[in-house]
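**Student:** First the structure, which I've put down as C-alpha coordinates, then a few questions once you've had a look.
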Amino acid sequence: MRKIMGAKVLFFFALLSFSAVSAFAQDEEDQGLVMNFYKDSCPQAEDIIKEQVKLLYKRHKNTAFSWLRNIFHDCAVQSCDASLLLDSTRRSLSEKETDRSFGLRNFRYIETIKEAVERECPGVVSCADILVLSAREGIVSLGGPYIPLKTGRRDGRRSRADVVEEYLPDHNETIYGVLDRFAAMGIDTPGVVALLGAHSVGRTHCVKLVHRLYPEVDPALSPDHVPHMLHKCPDQIPDPKAVQYVRNDRGTPMVLDNNYYRNILDNKGLLIVDHQLAYDKRTRPYVKKMAKSQDYFFKEFSRAITLLSENNPLTGSKGEIRKQCNLANKLH
(Lines of atoms letter the chains of each structure in order from A and count residues from 1; the text may use other names and numbers.)
(Lines give C-alpha, C1' and ligand atoms only; values in the text may rest on other atoms or scores of the structure.)
Protein backbone atom coordinates (compact mmCIF):
# COMPACT_ATOMS: atom_id res chain seq x y z
CA MET A 1 0.00 0.00 0.00
CA ARG A 2 2.86 2.43 0.93
CA LYS A 3 4.61 1.57 -2.35
CA ILE A 4 1.45 2.38 -4.29
CA MET A 5 0.96 5.71 -2.41
CA GLY A 6 4.65 6.57 -2.92
CA ALA A 7 4.37 5.88 -6.64
CA LYS A 8 1.28 8.10 -6.87
CA VAL A 9 3.07 10.95 -5.08
CA LEU A 10 6.10 10.63 -7.36
CA PHE A 11 3.83 10.60 -10.42
CA PHE A 12 2.00 13.70 -9.16
CA PHE A 13 5.25 15.65 -8.68
CA ALA A 14 6.56 14.47 -12.04
CA LEU A 15 3.35 15.72 -13.66
CA LEU A 16 3.72 19.08 -11.92
CA SER A 17 7.35 19.35 -13.07
CA PHE A 18 6.41 18.48 -16.65
CA SER A 19 3.65 21.12 -16.63
CA ALA A 20 6.02 23.74 -15.27
CA VAL A 21 8.69 22.88 -17.87
CA SER A 22 6.06 22.98 -20.65
CA ALA A 23 4.79 26.36 -19.50
CA PHE A 24 8.37 27.65 -19.27
CA ALA A 25 9.12 26.33 -22.76
CA GLN A 26 6.02 28.09 -24.12
CA ASP A 27 7.09 31.34 -22.48
CA GLU A 28 10.56 30.90 -23.93
CA GLU A 29 9.10 30.15 -27.35
CA ASP A 30 6.95 33.29 -27.49
CA GLN A 31 8.42 36.01 -25.35
CA GLY A 32 6.93 38.64 -27.64
CA LEU A 33 8.99 41.66 -28.60
CA VAL A 34 11.94 42.33 -26.30
CA MET A 35 15.05 44.46 -26.31
CA ASN A 36 18.05 42.70 -27.87
CA PHE A 37 16.05 39.63 -28.90
CA TYR A 38 19.02 38.23 -30.84
CA LYS A 39 21.60 38.57 -28.06
CA ASP A 40 22.16 34.79 -27.96
CA SER A 41 21.07 33.60 -31.43
CA CYS A 42 22.79 36.35 -33.46
CA PRO A 43 24.52 38.89 -31.20
CA GLN A 44 25.99 40.82 -34.15
CA ALA A 45 22.62 41.30 -35.93
CA GLU A 46 21.89 44.90 -34.96
CA ASP A 47 25.50 45.98 -35.59
CA ILE A 48 25.46 44.37 -39.04
CA ILE A 49 22.23 46.18 -39.94
CA LYS A 50 23.65 49.46 -38.66
CA GLU A 51 26.86 49.11 -40.69
CA GLN A 52 25.00 48.10 -43.84
CA VAL A 53 22.69 51.12 -43.56
CA LYS A 54 25.70 53.40 -43.14
CA LEU A 55 27.43 51.93 -46.21
CA LEU A 56 24.31 52.11 -48.36
CA TYR A 57 23.52 55.65 -47.24
CA LYS A 58 27.03 56.75 -48.11
CA ARG A 59 26.52 55.46 -51.67
CA HIS A 60 22.83 56.34 -52.13
CA LYS A 61 21.52 59.14 -49.91
CA ASN A 62 17.89 58.59 -50.84
CA THR A 63 17.90 55.12 -49.26
CA ALA A 64 17.22 56.75 -45.87
CA PHE A 65 13.91 58.17 -47.12
CA SER A 66 12.96 54.71 -48.37
CA TRP A 67 13.68 53.01 -45.06
CA LEU A 68 11.68 55.63 -43.22
CA ARG A 69 8.69 55.20 -45.55
CA ASN A 70 8.93 51.40 -45.27
CA ILE A 71 8.09 51.39 -41.57
CA PHE A 72 4.94 53.47 -42.18
CA HIS A 73 3.76 51.43 -45.14
CA ASP A 74 4.43 48.06 -43.54
CA CYS A 75 3.59 48.50 -39.87
CA ALA A 76 0.45 50.60 -40.38
CA VAL A 77 -1.22 47.88 -42.48
CA GLN A 78 -2.53 45.40 -39.86
CA SER A 79 0.87 44.11 -38.72
CA CYS A 80 4.57 44.90 -38.64
CA ASP A 81 5.39 41.70 -40.53
CA ALA A 82 7.33 42.73 -43.68
CA SER A 83 4.33 41.93 -45.89
CA LEU A 84 5.23 45.13 -47.76
CA LEU A 85 8.37 43.44 -49.10
CA LEU A 86 6.61 40.47 -50.74
CA ASP A 87 6.50 40.38 -54.54
CA SER A 88 3.26 39.83 -56.43
CA THR A 89 2.34 36.27 -57.33
CA ARG A 90 -0.19 34.85 -59.76
CA ARG A 91 -2.72 34.79 -56.93
CA SER A 92 -2.01 38.01 -55.07
CA LEU A 93 -0.96 41.58 -55.74
CA SER A 94 1.98 42.99 -53.81
CA GLU A 95 1.42 45.88 -51.42
CA LYS A 96 4.36 47.52 -53.19
CA GLU A 97 2.28 47.82 -56.36
CA THR A 98 -0.81 49.52 -54.94
CA ASP A 99 -1.58 53.20 -55.50
CA ARG A 100 -0.89 53.98 -51.84
CA SER A 101 2.70 52.73 -52.31
CA PHE A 102 3.40 55.06 -55.23
CA GLY A 103 7.03 56.18 -55.13
CA LEU A 104 8.29 53.45 -52.80
CA ARG A 105 11.64 52.13 -54.00
CA ASN A 106 15.02 50.72 -53.02
CA PHE A 107 13.65 47.39 -51.78
CA ARG A 108 16.75 45.72 -53.21
CA TYR A 109 18.80 47.32 -50.46
CA ILE A 110 16.74 45.53 -47.82
CA GLU A 111 17.84 42.33 -49.60
CA THR A 112 21.46 43.54 -49.40
CA ILE A 113 21.13 43.91 -45.63
CA LYS A 114 19.36 40.55 -45.34
CA GLU A 115 22.17 38.81 -47.26
CA ALA A 116 24.78 40.33 -44.92
CA VAL A 117 22.86 39.13 -41.85
CA GLU A 118 22.29 35.68 -43.39
CA ARG A 119 26.03 35.24 -43.92
CA GLU A 120 26.54 35.64 -40.19
CA CYS A 121 23.38 33.92 -38.87
CA PRO A 122 21.43 31.92 -41.47
CA GLY A 123 17.69 31.66 -40.88
CA VAL A 124 17.64 33.62 -37.62
CA VAL A 125 16.81 37.29 -38.19
CA SER A 126 13.45 38.20 -39.72
CA CYS A 127 12.90 40.61 -42.59
CA ALA A 128 10.36 42.39 -40.36
CA ASP A 129 13.09 43.20 -37.82
CA ILE A 130 15.48 44.23 -40.59
CA LEU A 131 12.81 46.58 -41.98
CA VAL A 132 12.23 48.19 -38.57
CA LEU A 133 15.90 48.45 -37.59
CA SER A 134 16.94 49.83 -40.99
CA ALA A 135 14.26 52.52 -40.52
CA ARG A 136 15.76 53.37 -37.13
CA GLU A 137 19.25 53.68 -38.60
CA GLY A 138 17.87 55.67 -41.54
CA ILE A 139 16.38 58.15 -39.07
CA VAL A 140 19.81 58.55 -37.44
CA SER A 141 21.44 59.03 -40.87
CA LEU A 142 19.04 61.92 -41.48
CA GLY A 143 20.00 63.63 -38.24
CA GLY A 144 17.05 62.32 -36.26
CA PRO A 145 17.05 60.69 -32.82
CA TYR A 146 18.32 57.20 -32.03
CA ILE A 147 15.28 55.17 -30.95
CA PRO A 148 15.73 51.99 -28.86
CA LEU A 149 13.40 49.42 -30.44
CA LYS A 150 12.37 45.91 -29.45
CA THR A 151 12.92 42.94 -31.76
CA GLY A 152 11.54 39.43 -32.15
CA ARG A 153 9.13 39.97 -35.05
CA ARG A 154 8.50 37.20 -37.52
CA ASP A 155 7.59 37.48 -41.18
CA GLY A 156 4.11 37.23 -42.62
CA ARG A 157 3.41 34.81 -45.46
CA ARG A 158 1.01 36.88 -47.53
CA SER A 159 0.58 40.35 -48.95
CA ARG A 160 -2.13 42.61 -47.51
CA ALA A 161 -2.70 44.60 -50.71
CA ASP A 162 -6.46 44.10 -50.48
CA VAL A 163 -6.66 46.12 -47.24
CA VAL A 164 -3.93 48.75 -47.79
CA GLU A 165 -6.43 51.55 -48.47
CA GLU A 166 -8.37 50.63 -45.35
CA TYR A 167 -5.34 51.25 -43.12
CA LEU A 168 -2.99 53.70 -44.86
CA PRO A 169 -4.16 57.32 -44.96
CA ASP A 170 -4.08 59.07 -48.33
CA HIS A 171 -2.36 62.44 -48.86
CA ASN A 172 -5.76 63.99 -49.65
CA GLU A 173 -7.53 62.51 -46.65
CA THR A 174 -9.10 64.73 -44.01
CA ILE A 175 -7.22 65.16 -40.77
CA TYR A 176 -10.18 63.41 -39.07
CA GLY A 177 -9.47 60.28 -41.10
CA VAL A 178 -5.73 60.43 -40.44
CA LEU A 179 -6.18 60.80 -36.68
CA ASP A 180 -8.73 57.98 -36.57
CA ARG A 181 -6.51 55.54 -38.44
CA PHE A 182 -3.51 56.14 -36.22
CA ALA A 183 -5.65 56.13 -33.07
CA ALA A 184 -6.58 52.53 -33.94
CA MET A 185 -2.88 51.71 -33.50
CA GLY A 186 -2.71 53.50 -30.16
CA ILE A 187 -1.01 56.61 -31.53
CA ASP A 188 -2.49 59.82 -30.11
CA THR A 189 -2.72 63.30 -31.65
CA PRO A 190 0.77 64.59 -30.75
CA GLY A 191 2.13 61.28 -32.00
CA VAL A 192 0.41 61.72 -35.37
CA VAL A 193 1.67 65.31 -35.64
CA ALA A 194 5.19 64.05 -34.96
CA LEU A 195 4.96 61.18 -37.46
CA LEU A 196 3.94 63.58 -40.21
CA GLY A 197 7.15 65.43 -39.42
CA ALA A 198 8.75 62.75 -41.60
CA HIS A 199 7.61 65.06 -44.44
CA SER A 200 10.60 67.16 -43.38
CA VAL A 201 12.76 64.99 -45.66
CA GLY A 202 12.49 63.51 -49.11
CA ARG A 203 10.36 64.71 -51.98
CA THR A 204 6.81 64.60 -53.31
CA HIS A 205 6.09 63.59 -56.90
CA CYS A 206 4.17 66.06 -59.04
CA VAL A 207 1.41 63.45 -59.48
CA LYS A 208 0.48 64.12 -55.85
CA LEU A 209 0.65 67.92 -56.18
CA VAL A 210 -0.90 69.04 -59.46
CA HIS A 211 -4.44 69.16 -58.07
CA ARG A 212 -3.22 72.08 -55.91
CA LEU A 213 -1.73 73.89 -58.93
CA TYR A 214 -4.08 73.23 -61.84
CA PRO A 215 -6.44 74.43 -63.23
CA GLU A 216 -6.14 77.08 -60.51
CA VAL A 217 -3.63 77.47 -57.71
CA ASP A 218 -4.93 76.51 -54.27
CA PRO A 219 -5.30 79.87 -52.44
CA ALA A 220 -4.12 78.19 -49.22
CA LEU A 221 -0.59 77.89 -50.68
CA SER A 222 1.95 80.58 -49.87
CA PRO A 223 2.30 82.90 -52.92
CA ASP A 224 6.07 82.85 -52.35
CA HIS A 225 6.17 79.07 -52.74
CA VAL A 226 3.91 78.69 -55.80
CA PRO A 227 6.40 79.75 -58.53
CA HIS A 228 8.87 77.09 -57.39
CA MET A 229 6.16 74.41 -57.40
CA LEU A 230 4.98 75.43 -60.87
CA HIS A 231 8.56 75.35 -62.13
CA LYS A 232 9.06 71.83 -60.79
CA CYS A 233 5.62 70.64 -61.93
CA PRO A 234 4.98 72.34 -65.29
CA ASP A 235 2.54 69.69 -66.58
CA GLN A 236 -1.08 69.50 -65.51
CA ILE A 237 -0.99 65.74 -66.14
CA PRO A 238 2.54 64.65 -65.20
CA ASP A 239 4.05 61.36 -66.29
CA PRO A 240 4.14 59.10 -63.20
CA LYS A 241 7.43 57.62 -64.45
CA ALA A 242 9.09 60.98 -65.02
CA VAL A 243 11.47 62.45 -62.46
CA GLN A 244 9.23 65.38 -61.58
CA TYR A 245 9.06 66.25 -57.92
CA VAL A 246 9.32 68.99 -55.31
CA ARG A 247 11.52 68.73 -52.25
CA ASN A 248 9.40 68.56 -49.10
CA ASP A 249 11.65 71.08 -47.35
CA ARG A 250 13.78 73.35 -49.55
CA GLY A 251 15.77 74.60 -46.55
CA THR A 252 17.00 71.31 -45.07
CA PRO A 253 15.86 68.59 -47.52
CA MET A 254 18.24 65.93 -46.18
CA VAL A 255 17.69 66.57 -42.46
CA LEU A 256 14.89 65.29 -40.26
CA ASP A 257 14.13 68.39 -38.22
CA ASN A 258 11.33 70.64 -37.02
CA ASN A 259 11.64 72.99 -40.02
CA TYR A 260 8.63 71.14 -41.48
CA TYR A 261 6.36 72.65 -38.82
CA ARG A 262 7.57 76.19 -39.51
CA ASN A 263 6.97 75.58 -43.21
CA ILE A 264 3.39 74.41 -42.81
CA LEU A 265 2.59 77.32 -40.50
CA ASP A 266 3.83 79.53 -43.37
CA ASN A 267 1.52 77.69 -45.82
CA LYS A 268 4.42 75.93 -47.53
CA GLY A 269 3.21 72.39 -46.94
CA LEU A 270 2.99 70.50 -50.22
CA LEU A 271 0.14 68.12 -49.40
CA ILE A 272 -3.42 68.84 -48.29
CA VAL A 273 -2.80 66.90 -45.10
CA ASP A 274 0.16 69.19 -44.28
CA HIS A 275 -2.08 72.26 -44.54
CA GLN A 276 -4.83 70.65 -42.45
CA LEU A 277 -2.31 69.64 -39.79
CA ALA A 278 -1.30 73.27 -39.35
CA TYR A 279 -4.84 74.63 -39.10
CA ASP A 280 -7.02 71.97 -37.49
CA LYS A 281 -7.83 72.98 -33.90
CA ARG A 282 -6.81 69.55 -32.55
CA THR A 283 -3.38 69.46 -34.19
CA ARG A 284 -2.34 73.12 -34.48
CA PRO A 285 -1.21 73.48 -30.82
CA TYR A 286 1.21 70.56 -31.26
CA VAL A 287 2.42 71.90 -34.62
CA LYS A 288 3.27 75.23 -32.97
CA LYS A 289 4.97 73.50 -30.06
CA MET A 290 7.10 71.32 -32.37
CA ALA A 291 7.95 74.35 -34.53
CA LYS A 292 9.45 75.94 -31.41
CA SER A 293 11.15 72.87 -29.94
CA GLN A 294 13.07 70.22 -31.86
CA ASP A 295 13.57 68.30 -28.59
CA TYR A 296 9.80 68.04 -28.18
CA PHE A 297 9.42 66.94 -31.80
CA PHE A 298 12.09 64.24 -31.38
CA LYS A 299 10.56 63.03 -28.13
CA GLU A 300 7.08 62.61 -29.64
CA PHE A 301 8.48 61.22 -32.90
CA SER A 302 10.46 58.56 -31.01
CA ARG A 303 7.41 57.57 -28.99
CA ALA A 304 5.21 57.33 -32.08
CA ILE A 305 7.76 55.30 -34.09
CA THR A 306 8.04 52.89 -31.15
CA LEU A 307 4.26 52.39 -31.06
CA LEU A 308 4.13 51.97 -34.83
CA SER A 309 6.93 49.40 -34.78
CA GLU A 310 5.06 47.34 -32.19
CA ASN A 311 1.75 47.27 -34.04
CA ASN A 312 0.36 43.73 -33.88
CA PRO A 313 3.61 41.85 -34.66
CA LEU A 314 3.90 38.12 -35.36
CA THR A 315 5.99 36.49 -32.64
CA GLY A 316 6.81 33.05 -31.25
CA SER A 317 5.69 30.34 -33.68
CA LYS A 318 3.53 32.64 -35.82
CA GLY A 319 4.73 33.46 -39.32
CA GLU A 320 8.22 32.47 -40.43
CA ILE A 321 11.77 33.68 -40.90
CA ARG A 322 12.03 34.29 -44.63
CA LYS A 323 15.14 33.17 -46.48
CA GLN A 324 14.61 36.00 -48.95
CA CYS A 325 12.61 39.10 -48.06
CA ASN A 326 10.61 39.35 -51.27
CA LEU A 327 9.39 35.73 -51.18
CA ALA A 328 7.54 33.62 -48.66
CA ASN A 329 9.52 30.47 -47.89
CA LYS A 330 7.05 28.19 -49.68
CA LEU A 331 7.91 30.05 -52.92
CA HIS A 332 11.63 30.27 -52.30
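One-based numbering along the chain as shown.
Heads up, the Cβ atoms here are built off N, Cα and C, so glycines get one too.
Caution: TrEMBL annotation is automatic and unverified by curators.
Annotations per TrEMBL:
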type	residues	note
BINDING	H199	heme b binding site
BINDING	D249, T252, D257	Ca(2+) 2 binding site
DISULFID	C42-C121	disulfide bond
DISULFID	C75-C80	disulfide bond
DISULFID	C127-C325	disulfide bond
DISULFID	C206-C233	disulfide bond
DOMAIN	32-329	domain 'Plant heme peroxidase family profile'
SITE	R69	site 'Transition state stabilizer'
**Student:** Round to the nearest Å and give the CA-to-CA distance linking C325 (disulfide bond) with D257 (Ca(2+) 2 binding site).
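**Tutor:** Computed Cα spacing between C325 (disulfide bond) and D257 (Ca(2+) 2 binding site) is 31 Å.
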**Student:** Please identify, from the disulfide-bonded residues C80, C233, the residue with the sparsest Cβ neighbourhood, meaning fewest other Cβ atoms within 10 angstroms.
**Tutor:** C233
**Student:** How long is the line from the C-alpha of C206 (disulfide bond) to the C-alpha of D249 (Ca(2+) 2 binding site), rounded to the nearest angstrom?
**Tutor:** 15
**Student:** What number of additional C-beta atoms lies within 10 angstroms of the C-beta atom of R69 (site 'Transition state stabilizer')?
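**Tutor:** There are 20 of them.
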**Student:** Could you measure between C75 (disulfide bond) and H199 (heme b binding site) for me? Cα positions, answer in whole angstrom.
**Tutor:** 18
**Student:** By CA-CA distance, flag whichever of C80, H199, C233, D249 among the recorded positions is nearest to R69 (site 'Transition state stabilizer').
**Tutor:** H199
**Student:** Return the member of C80, C127, D249, T252, D257 nearest to C42 (disulfide bond) in space, with distance defined Cα to Cα and candidates limited to these recorded positions.
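**Tutor:** Ranked by Cα distance from C42 (disulfide bond), first place goes to C127.
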**Student:** Near T252 (Ca(2+) 2 binding site), which residues of its own chain have a C-beta under 8 A away, given they sit six or more steps off in sequence?
**Tutor:** S200, N259
**Student:** Whose Cβ lies within 8 Å of the mean position of the Cβ atoms of D249, T252, D257, the Ca(2+) 2 site, other than those residues?
**Tutor:** S200, V201, G251, P253, M254, V255, L256, N258, N259, Y260
**Student:** Looking at the disulfide-bonded residues C42, C127, C206, C325, which one has the fewest other Cβ atoms within 10 Å of its own Cβ?
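**Tutor:** Each of the disulfide-bonded residues C42, C127, C206, C325 was scored by Cβ atoms within 10 Å; lowest is C42.
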**Student:** So which one is it: of the disulfide-bonded residues C75, C121, which has the fewest other Cβ atoms within 10 Å?
**Tutor:** C121
**Student:** Measuring Cα to Cα, how many Å separate C80 (disulfide bond) from H199 (heme b binding site)?
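**Tutor:** Their Cα atoms are separated by 21 Å.
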**Student:** Taking only the Cα atoms, work out how far C121 (disulfide bond) lies from D249 (Ca(2+) 2 binding site), in Å, as a whole number.
**Tutor:** 40
**Student:** Return only the integer: C-alpha distance in Å from D249 (Ca(2+) 2 binding site) to H199 (heme b binding site).
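**Tutor:** One finds 8 Å between the Cα atoms of these residues.
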**Student:** What does the structure give for the C-alpha distance between H199 (heme b binding site) and D257 (Ca(2+) 2 binding site)? Integer Å is fine.
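**Tutor:** Computed Cα spacing between H199 (heme b binding site) and D257 (Ca(2+) 2 binding site) is 10 Å.
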